[in-house]
Every structure is written in C-alpha cells, then in structure tokens.
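S.K.: The active site, nucleophile annotation in TrEMBL covers A:Thr186. What TrEMBL lists as substrate binding site is A:Thr149, A:Lys175, A:Thr186, A:Glu272, A:Asn398, A:Thr403.
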There are 2 protein chains.
Amino acid sequence: MNIIKDTLIKVKGFEFSAMHSGVKRKRRDICLVKCAKGSISAGTLTTNISRAAPVEFTAKSLKKKNVSAILVNSGNANACTGIKGIENCKEIIKKVSELINCEKEEVIISSTGIIGKQLEMNKILPSLPILKKNLSEKNIDLLPESIMTTDTFEKKSSIRFESENLNFNISGFSKGSGMIHPNMATMLAFVFTDVNIDKNLLTKATKEIVEDTFNMISVDGDTSTNDMFLVTSSCKSKNNKITSENEEYSIFKESLFMIAKDLSIMIARDGEGASKLLISNIIGASSKENAKLLAKSIISSNLVKAAFFGNDANWGRIICAMGYSGAKFSPSNINLNLSSKKGNIELMKKGIPIDFLEDKALNILTESEIEINVELKEGQYNATAWGCDLTYDYVKINGEYRT
Amino acid sequence: MNIIKDTLIKVKGFEFSAMHSGVKRKRRDICLVKCAKGSISAGTLTTNISRAAPVEFTAKSLKKKNVSAILVNSGNANACTGIKGIENCKEIIKKVSELINCEKEEVIISSTGIIGKQLEMNKILPSLPILKKNLSEKNIDLLPESIMTTDTFEKKSSIRFESENLNFNISGFSKGSGMIHPNMATMLAFVFTDVNIDKNLLTKATKEIVEDTFNMISVDGDTSTNDMFLVTSSCKSKNNKITSENEEYSIFKESLFMIAKDLSIMIARDGEGASKLLISNIIGASSKENAKLLAKSIISSNLVKAAFFGNDANWGRIICAMGYSGAKFSPSNINLNLSSKKGNIELMKKGIPIDFLEDKALNILTESEIEINVELKEGQYNATAWGCDLTYDYVKINGEYRT
C-alpha cells in the first residue's frame, strides 16, 4: 500500500466539478460531487455546540441509507446565521437535488469561511447548473483548491490497492483551520472510495480512525463550528461486499487510516504561521486514554509550542504539560528525547534531567519536523499527536484587524 | 471594607524578613516568615502531577495543627530534581526549624524559578541565620519583591476591618507565571491575617474562595509544578474565635475573597507580554459549573486572545470558544457585548450578530481593560474569569533561546 501524493486518482462511481462562484475574490470556491446510485457515507461532525447550519443538515443526511450529491463552498461558513442560514441551506439542497435528480435528504452540504454573514445566494445558486454541467471523473484534482480558505498548500492523498480478491481506490483531500481573515476556522476532510462495504462497517472504521488521526492534531486548540470528516463509498469495486471484520476489512481500514493520517498531518504542518511540524510520541502508557491525553497535551501547550519556535530543548515545559494533562503516570518513569533528521538528543532519564550539549540540541531543533519521544514503561499503550510551533506570524495572522 | 494598595499593613503575630541570597542576580530572592505560637495555615497546591519537591513537604505541613515558619525562595523551583531535591528540602527545613525553634513539620517551604536545576544550597543555607536576625513586623513590605521571577510589578493588597466585635488585618501578596526565562512557571500567593478562627473554617473559606479567584485566571493555560495559595492566621486578633459560619465568618470570608480576587487579577494583568486585561462575565447560566466553563474557555482561547491584541471585536471566536467549552447552553440565547472605560458595544442579540460600527468598537477595544459580557438567560448562575491578550511579546518571551 503506497500513498500517491502528486495527484488524486480517479474513484469509480464519482464525478466531480469545481469553479469560482465569486464568494471568494480569486480562487475556486465551490465544488460538487455526484455519487453513483447506492453510494454510502459515514462521517464525524464538529462537537462544537454552536454548529453551523449546513452541519445540522449533514447530520440528518448521514442517517439516510444513501448519498447522491455533496456540495461544498468556501469563503462563507454559514455559521451563526440563524433562521435565514437554515433557509439558505434548504434552498441550495433543493436546487442540487433537482439537478442531480435525487431526494433532498441524499444531498450533503458543507461550508467553510467567515462566520456570521449570510451566504451570497446570488453567487451560489447560479453556479449550481454550471457545476452540474462540468461533472467528470477526472475533475477530482480541482477539488482540494476549491475548499481551501487560508491554507498555503493543497492537501491531498490517494491509495490504490490491488490483489486477487480485493481492489479499491481511495482519494482524499482536506483543509486546515486557517484564520487569517477574522472569523474563519474549520477543518474539512473528504475521502472517496469505491470499495464495496456495508455502511455500518464503513461508519465503524471511520469513527475509529478519526480518534487516532484528526482528533490527535491541534493547531491552537480551538474546535470550529463547521468541522467535518466525511468518507463516501460508491461500492462500485468488484470485491465481495465486506460485511464482517475480515481480512479485507482490515486491509481497507488500514488504507483509510493511512489517508486520514496523511491528511491530518498536512493540516498540522500548515497550521497558521507554523514553521515546524511537532510530533509527540507517547510510548508505554498505562492506558490508551492516558497515552492520548499526554500526547495531545504536549503539542497543545503554548509554552511548548513557543519553545520549539525558539529551537529551545525546553523539556521542563514538556514535563509540565504532561503533568496537567489529566493523565495518570509517574513522573519518575519518564525517559524523554527529541529527534529530527539531524539526529536525536536525550533530555531525561527516569524523570531526572540529563545534561546535554546546547549546540547539538540547537542543530537538531532547527529542522522543520521535530519528534518529541516520551517513554513511560507503565504499559503497552502508545499514542501520537501532531501540532505546530507558536510563532510571531500566528499572532500577526490572528491579531490582524479586519478590513 | 476598603482595599489598601500602596503598602502592606502589619498583621499581629507575624515577623518577616527578605534578602538577596545570590540565587538571582540582583533582586531579593529569599524570604522568611515567623508565625506566633498557635498560627494556622490553609492552602491549595498545584494539581500538576509533576509536583516540585517543596510542594510535597508543604502538603504534609498543611495537615499539621500549627505552622511556625514559612520560607520562600525565587530563582529556582526545585522541581524535577529527584532525590537530591528532596534531600535539599529536608536540610533547609531542618535549619529553619532549629533557627525558629519549632518542629520540622511546622515549617512550610515554597520555591519558584528554574525547573530541573538543584538548589544552590551554598547560597541558601548561609542566608537563613541572616533572615532570622532581621525578622520584624514591618518588613512585610519587602516580601512581594522577593518572590517575583519575571513579574513586572509587585502584587500586594491589604484590608483592615474594624467593628465593635470584630477586628482583623489581612495582607497578601502574589507572583504570576512569568516565563521570560525558559523553564520558569509558577503562581504563588501568600495571605496573612490575625483573625481568630477555627482551622477547619479557615480551610473551608480558602478552598471556596480559590475556586472563584485564582482558579478563574489564565495566562496561557499551563498549570505549574509549584503553584501555591497559602492563607495563614496568627489568630491574635481579639475577636471571639470564629467557630461557625456566622456573620463574623461571612465578613472575614468576604474580605479574604476581595484580597484573593485582587491578587489574581494582578497576575492576569501582568501575564507575559500582555497589553490588555480581559474580563469575561457570564450572566444567567443554567449552573455554576457551566458559567465557569464558559467564562474560562473564552479568556483561554488563543484566537480570542490574539483578536483582542488586534483590537478586533471578533465575536465569532468568542461564540466558538463557548461552543467547545463543554458547557451546556443554547447559542440562540446569547446576548453579547464588549465594554471598556470608553463605552459599550453590542455584538449579538439572541444568538444573531448585530451590525456595529467598527470605529466605535476600535475606540472601545484600544483600552487596557476589556470586559466581555455574555448573557444567557438560562438560569441565575454567573461567573467571571480573568485573562490577557496574546501578543508578539508573549511569543518572543517564551520563544527566546536560553542563554
């Protein structure tokens, strides 16, 4: 199983199109996906109580047996928009269902962009027939750009799996929580596959995978009103339908995990103003829950994030962040080291700091990808979390006055 | 009850001294308090699992009936120092108990400063007899400086209460979690009073008050290894000993609350690199717990903090922070406004954003003290939290490479 990075491979049973509606100044800002009859979706939505209007509709659609169309717009999140925001969703869904010729409940919609402004319906509605007209399998490569807000690069990843009795394609893309323009904040990820699988199993795999991927990244700890991770399968692959957790299920789930992990890491790497990707690995915790709490707490600490911006091997802040994570562990068990392409440096053994060469540490930490490795020897549970450093640009980006 | 700011008033039954031991380059860095026979202490200690050595000893001392001496040093936190750190504590406590002529368990010690370095015993031990020699009631004013690390100003506050059957003095001082020098992080607060009160009631009042004061401030969400809030009474005031939650108890508790609140707010105001004090008021939540979660979540959000640095009336981030706080509330109930000396501006009514004049907002937000007022109309529970903005200086201070 190898990840294909440069381009998104076609996936049987899906047609795509994207265009510039005018909601955003320049770039493509709206896209449509038509799913073959019998397509199924599984997803996880934001836990934020202030859910945006489109998220409410998507929550309902996910309960339906099938999905027929997915419409995503960027530039406006349709969040905190009250009754009017709901009505706009209804109107868009109605138009899409007419164009695709499907039930309204089989349309999934998603928005990202400014909060608190009504959708520019005069730009979105006229775009829908054009999107319909341009649907094609190969247009999938246009979609990553069309959902970007302040992302600095497209985030996409594909896997093709071929064996005697199992063949499938997976293509996914995501966007990070860029917030350069005030009131923007969302993580979106869409994955398309053609594997033939039972909907309950697709849902199970999706929910389990999100726990170890998208839920383990943090840019600034803020959970958006619009976050969505959606996995859709056309079930058009010729494999015997996966209806139990057999070997085929494991292979597909592993592929889906690789895609989700790749898409999550790209979001962390592209965090606002970030100059470094931080990876914290907890090894040997007493429970999975503790391992996750510790890994997440380290990469979420402002003090840790600022220290790495300063290329500072500041183990004290790492220990401190572990201490208030809520996880149970014994500080006297901690072995801690930092590593990068340039090498590895030990900072702590059994909870006691080790003298280290500042020059060696500095040389290792100037890399753009740093691993924080913590060994606890308290059990066999591990966890990894991904984040980024805290930089002047983060403050500039988010402190900038709206104009 | 009026707060006295300019100077710390004397408190019957306490003698103080502070000096420069040399652990810090210039300023006074160690202080001693001698408590009259029969003095009692109540305190709350850091919840961080990686507790510093002195915190472990203080936890034990607080269980004792009486306290005789308190020794605090700044410049070194004696945290993550293993067995050697514990032994150093024991040696210091032994020396202090000999000098003050009390049981070892009646000595409370506290440290703040660098983590992971052993205490410079060659500087601390010789200072102890000198501290003892200079003990005097009036020296209390020297102590606020002696516990500072990277604080930019002394944090002190006093109250004198006089009525027919109740007289007492309270003097308190604190230090914030300055982290200019890497590996520094601690909030310390010491309050001294002479009110005659039962230890269990002093403990109850202290624990209740800390919930609405020190536990409601946030500079960067990091909980230190050394945090401590200690309230000590000599019980030397002539009032009838307070042994029940009567009117005298209420008056004293209210005074203690005022001091604790004042000392907490000064810490938030002096947050690293802070240019603004942020006060979030939640009014009419369905429970006290929800009110606190919401108030704390708002002032802890990097996005909210950065927005106020940019004088940006970014209500979207406030709503977002409330949404992921974990508190139960209905977004459609939210009335939101911001206020400062310059006036008040409404941003949201019943969950719907209100158009506002950017110029008016900017004028209000350029003040150094901003109140974020959220009305929920869901119950009668209120809460207030204090924080500060996220600035370039915060990143500079915490990203600066150690030298």
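Yeah, the Cβs are placed from backbone N, Cα and C, and that goes for glycine too.
Worth saying up front: this structure is predicted, and the values here are computed from it rather than measured.
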S.K.: Should A:Thr149 (substrate binding site) be counted as helix, strand, or coil on the basis of DSSP?
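M.R.: Where A:Thr149 (substrate binding site) sits, the three-state DSSP reduction gives coil.
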S.K.: If you measure A:Thr149 (substrate binding site) to A:Thr186 (active site, nucleophile) at Cα, how many Å is it?
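M.R.: A:Thr149 (substrate binding site) to A:Thr186 (active site, nucleophile), Cα-Cα distance: 9 Å.
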S.K.: Cα within 10 Å of the residue listed as 'active site, nucleophile' is the criterion; apply it to the binding-site residues A:Lys175, A:Glu272, A:Asn398 and give the hits in sequence order.
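M.R.: Near the residue listed as 'active site, nucleophile' by Cα: A:Lys175.
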S.K.: Taking Cβ distances under 8 Å as the criterion, give the subset of the recorded positions A:Thr149, A:Lys175, A:Thr186, A:Asn398 near chain B, ordered by sequence.
M.R.: A:Asn398
S.K.: In sequence order, what residues of the same chain, 6+ apart, have a Cβ less than 8 Å from the Cβ of A:Lys175 (substrate binding site)?
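M.R.: Expected: A:Ser74, A:Thr112, A:Pro144, A:Ile147, A:Met148, A:Thr149, A:Asp151, A:Lys155, A:Thr186, A:Met187, A:Leu188, A:Ala189, A:Ile267.
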S.K.: Give the number of CB atoms, excluding that of A:Thr149 (substrate binding site) itself, located within 10 Å of its CB.
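M.R.: A 10 Å sphere around the Cβ of A:Thr149 (substrate binding site) contains 25 other Cβ atoms.
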S.K.: Neighbour count, 10 Å Cβ-Cβ cut-off, for the residue listed as 'active site, nucleophile': what number do you get?
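M.R.: Total other Cβ atoms inside 10 Å, all chains included: 27.
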S.K.: Once the DSSP letters are reduced so that anything not helix or strand counts as coil, what is A:Asn398 (substrate binding site)?
M.R.: helix
S.K.: For A:Glu272 (substrate binding site), just count the other CB atoms lying within 10 A of its CB, please.
M.R.: 26
